[in-house]
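Undergrad: Attaching a single structure in structure tokens format; questions to follow.
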Amino acid sequence: MESSESLRYSMRRFPLGVVVVTTTWGERPVGMTVNTFNSVSLNPPTVMFIADKSKGNDVPFRESKKFAVNFVDSEEILRVFSITPVQKRFEVVKYREEEGIPVLIDSYAYIKAMRREVIDVEDHAIIVGEVLEVKTIREAKPLVYYMSEYRELCL
């Protein structure tokens, strides 16, 4: 069997899109940066992301009915939602609530979704949601995660 470190080494060389997923949990906004977001189906429109169970990142999304996927082109915001302690993340970013879901003001697009299913796979959980609304706000310079850094795409 191949080691986790070998897989991690190879995966660092694969550029991944990054988003911030947010929800309301216990009456407070929570969110995290993920690089495992994708669409699953167009009929009905369905999306998914993966959360690390060993860190408890899946719990808010298991227990909340709705979530938002925030497309951001700010490395600073991505870092806030990956490094800043969970309880302080929404103190340093601007957001608004839409139907009880926190949506980041600086998003260039966002998706609101209803949690449909949670699939446990080893130490991670795949969170699947049916799309309720998609909104594109502005053009962007999207970032990818490559070699453990956020990088701009050359378009």
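Here the Cβ of each residue, glycine as well, is placed from N, Cα and C on the backbone.
According to TrEMBL, the record shows the following:
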DOMAIN    11-152  domain 'Flavin reductase like'
Undergrad: Summarise the model's confidence over the domain 'Flavin reductase like' (11-152) as a mean pLDDT value.
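TA: The predicted confidence over the domain 'Flavin reductase like' (11-152), as a mean pLDDT, is 97.
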Undergrad: Mind tallying the domain 'Flavin reductase like' (11-152) by DSSP state, helix then strand then coil?
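TA: Going by DSSP assignments, the domain 'Flavin reductase like' (11-152) contains 24 helix, 77 strand, 41 coil.
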